[in-house]
Every structure is written in structure tokens, then in C-alpha cells.
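A.B. asks: Submitted below is the structure of interest, expressed as C-alpha cells.
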């Protein structure tokens, strides 16, 4: 809760990053400060130090929002626009890979040397990130970027006024909301549907994570061939079909569905990150990114809470079926929008020729 709560302040944090403007310096400072705070956890020796753990978790959450916003603003100044999809996809793949390996490494370190070793390694990763950001060289803007009047509402207003941007962001928000509801059914699927021990949840998580890694690595190539909203639509459709296959409770279909869900879910997220970076004014990117984080991640938390309540009163297949149908509906709507925009462009082109 403490880690994700700062997402609610995403627009404010992002606007503050925009106002500062020195994104690389901000990222280095955030990494070093957060790393130092994480390192302080080595002092924890008893339950009396819980306040420090909670404080670090809260600051960690604030840093996560700030880093995501500052990175989104920095990357377009250092990476060619046609490669941003590749970079965002690789970021997603790296994040999913870390989710697969970090718990194992952390558990091994904790078992061998205690929590202090885990804190030291975590702090070292922040230090390494700060060094890497130092060597990232952004290209100076061709014209000065005015930041004096950057306000929270500027990013909100721009996001609301751009249909192409808004459509991809809404698709990503819908995807994560549906993922939150479906994810809450996983233990029931394993226990009641498959009849396996709860440990099998870890197997499904690893399979879905592997699918997400593959999806991230292929995202850049896909975004060079289809529009961001089209890519989001394909991802939503794959995710929805995967969830419907999991509803069958047949092990082979559940495994295939888990792979499809893993491949599909990152697509709208990568598409949203990329379109924010390519279609937003430089002085508003961080603020818009903070707003996008709120739009995307807040529904996920609410959907998880709803799923936790539903799983106690209804068969897990019912929410999974609802998720699958809604996912296909959202994918169809996004695809219809893409086809409509193509038809409109062809009519305009035909009329002008």
C-alpha cells in the first residue's frame, strides 16, 4: 500500500519534474537518495524499527513515480523517436525478468546473510543506475523549452485533448484493471480449478512473466509496423483470449492461456509509454506521464480489491469470463477506432488527389 499510494500523486510529482527540467540530474539525485535510504535498512534489528521500513517503502513509492516520469521525459532527448518503442519494450522485458529472478536472489541472500545483505544489494543497484544515467547524453533541444508556467492541470488538459494519446492510455488502464481482477482469481484457479497446491501459482507467474519478456523484446518491431492503438488492441485481444482459456480449468489450455496473457498484457503498456513520449510537448512529458500512471495503475489496485471480495462469493470462472468478454470488447473498440482513422485518412487523401 505504501509503495503504490504515491501513484495517486502522479500528476503532481510529474509536474514538479517538468518544472525542474533537469531530468538526468533529477534521476541521478533520486537514485542516490533512494539507494542511501534503502541502505539504512541494514540498521533494522527488531520490530521497533518498523517505522524505518515503512518510511523507506513510502519514499520508494514516491521515487518510483518520479523516476518513471523523469525517464519518460529524458528518453526522447537521447533516443531517436523510431527506437523509443524498442527501448520501452526492453524496459518492460527487463522489469519482467527482474520479477522472475529478484525474489530468488533475495531469498538466497536473506537465508545466507540476512536482510542486511538484501538491502546492500538493492542499494547497489540504485548506485549503478545513477552511474548509467550519468553516462546517458541527451541531445540539446533545438529551441529553449519554457517551464516557468508548467502546472499540474497542463498535463491533464493535454492528455484529455488528444484523442490518439487518450485512446492508448485508456486501453492500457482497461488492460491493467482487467489484469487486476483476473489476477485475484489465480489462487482459486489453482486450488479449485486445477486441484494443485498453492505453490503452482508461482509456476503460472513464471510462465506469464516469460511471455511478457518475449512481448517486450518484440514490441519495438511491432510498433514500427502498426499504430500504438492497434498494438494495444492486439495485446488486449491476446490477454482476453488467454484469460478465457484459463477459465476452462484444463491444464494444457490454462498453460497456453497464461502464455497468451503474458504476451498480450505488456502491449498496451508499452504502447502508452511510447505514444506519451512521441506525442507530448517536451515541457509536459513528465506531468503527462504522472497522470498516465494514475490512470493506468489506480484501477488495477481497485480491481484487485474487487476481485478479492468476489472470489469469496462467486465461482472464479465468472469473473474470468467477465474479464475475457470485456477485454475482447475493449480490443474491438480500439481496433474499430484504428480502422476508422485509416478510412478517414484514405478519404481525405482521395479527396485531395
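We number each residue from 1, going along the chain as drawn.
Keep in mind that glycine also has a Cβ here, set from the backbone N, Cα and C atoms.
Automated prediction, rather than curation, is the source of TrEMBL annotations.
Pulled the feature table from TrEMBL, pasting it below:
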DOMAIN    1-141  domain 'Major facilitator superfamily (MFS) profile'
TRANSMEM  24-42  transmembrane segment
TRANSMEM  49-70  transmembrane segment
TRANSMEM  110-136  transmembrane segment
TRANSMEM  167-190  transmembrane segment
TRANSMEM  196-219  transmembrane segment
TRANSMEM  226-245  transmembrane segment
TRANSMEM  251-272  transmembrane segment
TRANSMEM  284-312  transmembrane segment
TRANSMEM  318-336  transmembrane segment
A.B. asks: Which bits of the chain, at least 6 residues beyond where the transmembrane segment (49-70) starts or stops, bring a Cβ under 8 A of a Cβ in it?
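C.D. replies: Non-local partners: 2-7, 9-10, 13-14, 16-17, 23, 26-27, 30-31, 33-34, 37-38, 40-41, 43, 285-287, 289-290, 293.
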A.B. asks: Select the range from 167-190, 196-219, 251-272 that forms the most Cβ-Cβ pairs under 8 Å with the transmembrane segment (284-312).
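C.D. replies: Between the candidates 167-190, 196-219, 251-272, the best contact partner of the transmembrane segment (284-312) is 167-190.
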A.B. asks: Hey, which bits of the same chain come close to the transmembrane segment (318-336), Cβ under 8 Å, at least six residues off its ends?
C.D. replies: 167, 171, 174-175, 178, 181-182, 184-185, 189, 229-230, 232-234, 236-237, 239-241, 243-244, 246-247, 307, 310-311
A.B. asks: Give the residue counts of the domain 'Major facilitator superfamily (MFS) profile' (1-141) per reduced DSSP state, in the order helix, strand, coil.
C.D. replies: 123 helix, 0 strand, 18 coil
A.B. asks: Please compute the mean pLDDT of the model over the domain 'Major facilitator superfamily (MFS) profile' (1-141).
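C.D. replies: So the average pLDDT across the domain 'Major facilitator superfamily (MFS) profile' (1-141) works out to 89.
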